[in-house]
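Worksheet: one structure, shown below.
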Amino acid sequence: MPATSPQKNSRDGRTEEQRKIDEWLPITSSRNAKWWYSAFHNVTAMVGAGVLGLPYAMAELGWGPGVAVMFISWVITLYTLWQMVEMHEMVPGKRFDRYHELGQHVFGKKLGLYIVVPQQLVVEVGLDIVYMVTGGKSFQKIHDLVCTPGNCVEIKLTYYIMIFASVHFVLSHLPNFNAISGVSLIAAIMSLSYCTIAWVASLDKGVQPDVDYGYRAKNTGEAIFNFFSGLGEVAFAYAGHNVVLEIQATIPSTPEKPSKGPMWKGVVVAYTVVALCYFPVALIGYYTFGNSVSDNILISLNKPTWIIVLANAFVVIHIIGSYQLYAIPVFDMVETYLVKKRRFKPTWYLRFATRNLYVAFTMIVGIIFPFFGGLLGFFGGFAFAPTTYFLPCIMWLSIYKPKKWGLSWTTNWICIILGVLLTVLAPIGGLRTIIIQAKDYEFFS
């Protein structure tokens, strides 16, 4: 009988070196989270920059289509999120801790990587870039509101983005999801707080005398492009799927008590909070300002000053947590590649270098392209729609093979068709918005 390697672990087949690497990597290093971690992590991941742009999206979509797109998106994404939670442990004894691992199981080792990783990176890096812009604009709004007229020194948006980024040069060195649980909890509370302030302040402001609910476009072609962009902005608001498997990976699991139970419990709580944030902000914000609403509702609100300052401060705190939540899977990908493929040693200085470079990259891109509304529409359609609206459905059909024309089969194909249409149409409007806004923009201004 051949001797067993002394380094081999009898429980899961990993060597001691592999175990140490997994314990160092961000996603697999800690598995003691509770169900409420799932709740506030998902709120932090979902409710972010997107919610502030929903009144603007309503202005581009119009009352009827806007409400329909909002509601349908909420239902579809809750359904596909349930699918992701279920598929996390669909193979007995194995956990798909990362989105691309599930993709590899469904599509094959190489094809799964090619399908999932580029889209997931676009979503996560794209979100962090938008959060840089949002954080900088919120800082700028606070300064403009509290500054005494006549004594204000005009400061470029570039410097506000740099101030926001400086926080992440510190927080990015927290090792994993559980290490940022406190930051994420505070961020989730802040999201509900500033959303409440946004719609209550809009309600208090009252419908504007010159409010107009018609399309702001000057012609039919422009209205169509704006409509496409609005679709992307709504899609952007539902981006939590890209980190859901990674969040679930932090919850302990046994055959008797799989992680999907507490994970789903947290998701239901999170989606209830999402509805309480999204629908009042979108509907009341649009009702108050009509098609003149800004692409960030808080920019349209100037009074009462102290309330709007507080709301913008809450936004900054919240997106600090959101940035970290989407950065950790990116850190995990980069560190996994460097340690497992390139054979770098898992050291603190490797982590220090890679994470600082990432923060610097998102900061610089945010400074160069601070086009908030266009970024929402472009990223929302280009990558968020596939990973959120229809990729989980394709995986579900491939794995479970439900009966043709049955309820499950039909539901999934409806989601796939709507998601593909969103993926094709939304980036067109978002890219056009970026081009128009870029005409009068000077780099690093």
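Positions of Cβ are set from backbone N, Cα and C atoms, glycine also.
Note on TrEMBL: of 35-57, 104-126, the range annotated with the feature transmembrane segment is 35-57. Highest Cβ pair count under 8 Å relative to the transmembrane segment (35-57), across stretches 63-82, 180-201, 267-287, 352-372: 267-287. Taking Cβ pairs closer than 8 Å, the transmembrane segment (267-287) reaches residues 36, 38-40, 42-43, 46-47, 51-52, 54-55, 57-59, 63, 66-67, 70, 74, 78, 81-82, 85, 188, 191-192, 195-196, 198-199, 202-203, 207, 213, 237, 240, 244, 293, 297, 300 in its own chain, all 6 or more past its ends. Simply put, out of 63-82, 180-201, 412-435, 412-435 has the most Cβ pairs sitting under 8 Å from the transmembrane segment (352-372). Counting same-chain residues at least six beyond the ends of the transmembrane segment (180-201), those with a Cβ under 8 angstroms from any Cβ of the stretch are 33, 37, 39-41, 43-44, 47-48, 51-52, 171, 174, 273, 276-278, 280-281, 284-285, 297-298, 301, 304, 307-308, 310-312, 314-315, 317-322, 324-325, 328.
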